[in-house]
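Here the structure comes first, spelled out in C-alpha cells, and everything after it is commentary.
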Amino acid sequence: MAKNILLLNGPNLNMLGSREPEVYGSATLADVERAATEQASQAGAKLTAFQSNHEGVLIDRIQAAKKEGVDAIIINPGGLTHSSVSLRDALASVALPFVEVHVSNIHQREAFRHHSYLSGIAVGVICGLGIDGYTAAISFALKKL
C-alpha cells in the first residue's frame, strides 16, 4: 500500500519567499508544496500539504490524520515550535511518527528559538538546510517510516 504523508506548515510559513529572504530564502510555500508532492508521487506515495497560521486549526488537522490513514507527518511548526505544548500534545496523542523541519538553523538564531517543545518526541529534526530540509524529511519518511 502507498505511504500517506501529511506535510504541515505553521504560522507565517505562507510568507516564504517574501519574509526575510536572507534567512528563509526566495522559494515560496507553493514551491515547497509542489516539490514535496512531486517527490512523494515519484516514489508512489501520497502527500497532502496543509498550512495554517492558527494553532487550533493545526491541532485539528493532526487529530484528523490518524483517521485518514496518514502514515507519517512532516511538520514545520514555525514559531509554535517554541511555545506550543498543545501542538506537542496533539502529536503525541495520535502516535504517528513525525519529522520536525525548520528552514533556518534555529540554533544559530535568537536564544528563544533554541528550544523546541516538539523535538523530544520527534523521530528526527532537520534544521538549517533551507527548503532542502523538506526533501530530506520526505526521503526519510519514505524509506524509514
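A Cβ is built for glycine as well, from the same backbone N, Cα and C atoms used for every other residue.
Checking the candidates Arg61, Arg113 against Swiss-Prot: the one annotated together with Asn76, His82, Asp89, Val103, Ser104 at the substrate site is Arg113.
It is 17 Å from the Cα atom of Arg19 (site 'Transition state stabilizer') to that of Arg113 (substrate binding site). In this structure, of the recorded positions Arg19, His102, the smallest number of CB atoms within 10 A of the CB marks Arg19.
Cα spacing between His102 (active site, proton donor) and Asn76 (substrate binding site): 6 Å, rounded to the nearest whole number.
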